[in-house]
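Undergrad: One structure coming up, written as structure tokens, with questions to follow.
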Amino acid sequence: MALLSLNNHQSHQRLTVNPPAQGVALTGRLRVPGDKSISHRALMLGAIATGETIIEGLLLGEDPRSTAHCFRAMGAEISELNSEKIIVQGRGLGQLQEPSTVLDAGNSGTTMRLMLGLLAGQKDCLFTVTGDDSLRHRPMSRVIQPLQQMGAKIWARSNGKFAPLAVQGSQLKPIHYHSPIASAQVKSCLLLAGLTTEGDTTVTEPALSRDHSERMLQAFGAKLTIDPVTHSVTVHGPAHLTGQRVVVPGDISSAAFWLVAASILPGSELLVENVGINPTRTGVLEVLAQMGADITPENERLVTGEPVADLRVRASHLQGCTFGGEIIPRLIDEIPILAVAAAFAEGTTRIEDAAELRVKESDRLAAIASELGKMGAKVTEFDDGLEIQGGSPLQGAEVDSLTDHRIAMALAIAALGSGGQTIINRAEAAAISYPEFFGTLGQVAQG
């Protein structure tokens, strides 16, 4: 019987996982797709820069395709997303065209939130922005309200909370915004809006969030001042951006699935190559180390301003731990797979201060508790986190991704270490960030 089989079921795809009775080990080397956060930003900055931007290693998943689709509709020339090298002919800052159609961000919150910062400052242009059913229920007020403080004219459904959105571009004014949450999307949206203002736009956060926008904006020529002590970033407007060559490293959020899988499956050893290890993203490595994982960075290097390494991971005996606070923004997307690690660890793991997971592609706290619970995991759900009693064997079950890519992949890893058959409904969600995930899983499971 095949370890993995993917079949169409009604209007969705169903993944069946049949681990052998003796268990399965993962061996070999692999590369994960390009970093999703960096891919979005490279496309956007290329579109608003002057001249040509060449992007190598771009994630060819559904979310960056949504970004490319939106910016093509506003006049940017972006080559087809089907090769290792993508070429963007930029319009120049403030020169995006008014589109003749609705801008559809698909499932991508990053596309919608960051793009709003650019649209708000496109004078004399009207934009309508929407997304899929999931995105139309994710909160947009967190970027709309500070943009309105800058003078933006934005209308949103449900009293300013949700897409669809209408944006009337206007001249924005700089502000100093104290964000109530540490969010790279909020910060990036406002920095992009600040590019066209006359003066300094500053964003101060309660904790450090990922800094890909700051690194890339500086590479494209924007003038920024960064204060790591107060978690503040200032962009000095108006800016002039020039097209660049961008090499996108592998996505640590995608690598996390392999790091956990090889840790919990006895006899496993994987080398995950070319992974971005930006310190604003490495919370997952710190928590796994705290749990006793055997992960070694090799061949550390800098690639177009981003730290990169190959990560060697060997099977180990994990122990439960507690994490929360300032580390959460540095591993927010990895919590679903860390919950799987916790289910296979000895002892109790407690995840705190993670209420942001309730407004991701799904309510990820509820999804983890529900779907891992169906497999026999002992998960207690709190308003802002989870408690997981590890060490009890999981059993195969019929579960659902809830159309969330990270839930789909986390459940597949849990299924490999479970007894009996697992069926994952709506498994096609994985293609949002990792189109080759199931194929790669089949390869490394064969050794």
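Glycine is treated like the rest: Cβ placed from N, Cα and C.
Swiss-Prot feature annotations, pasted as is:
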ACT_SITE  Asp333  active site, proton acceptor
BINDING   Lys36, Ser37, Arg41, Ser183, Gln185, Asp333, Lys360  3-phosphoshikimate binding site
BINDING   Lys36, Gly109, Arg138, Gln185, Arg364, Arg406  phosphoenolpyruvate binding site
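Explain the structural surroundings of these features, please.
TA: Listed in sequence order, Ser253, Arg406 are the same-chain residues at least 6 apart in sequence whose CB falls under 8 Å from the CB of Asp333 (active site, proton acceptor).
Taken residue by residue with DSSP, Lys36 (3-phosphoshikimate binding site) is part of a helix. Neighbours of Lys36 (3-phosphoshikimate binding site), defined as other CB atoms within 10 A of its CB across all chains, total 24.
Shown in sequence order, Leu135, Arg138, Gln185, Lys360, Glu361 are the residues of the chain, 6+ apart in sequence, with a C-beta less than 8 angstroms from the C-beta of Gly109 (phosphoenolpyruvate binding site).
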Undergrad: Roughly how wide, in whole Å, is the group Lys36, Ser37, Arg41, Ser183, Gln185, Asp333, Lys360 that binds 3-phosphoshikimate, by largest Cα to Cα distance?
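TA: Max Cα-Cα spread across the 3-phosphoshikimate binders: 19 Å.
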Undergrad: Distance between Ser37 (3-phosphoshikimate binding site) and Arg364 (phosphoenolpyruvate binding site) at the Cα atoms, whole Å?
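TA: Per the Cα atoms, Ser37 (3-phosphoshikimate binding site) and Arg364 (phosphoenolpyruvate binding site) stand 19 Å apart.
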Undergrad: Take the C-alpha atoms of Arg41 (3-phosphoshikimate binding site) and Arg364 (phosphoenolpyruvate binding site) and report the distance between them in angstrom, rounded.
TA: 25
Undergrad: Return the residues near Ser183 (3-phosphoshikimate binding site) by Cβ distance under 8 Å, restricted to its own chain and a separation of at least 6 in sequence.
TA: Arg142, Glu205, Ser209, Pro329, Glu356
Undergrad: Let me know the DSSP-derived helix, strand or coil state of Arg41 (3-phosphoshikimate binding site), please.
TA: helix
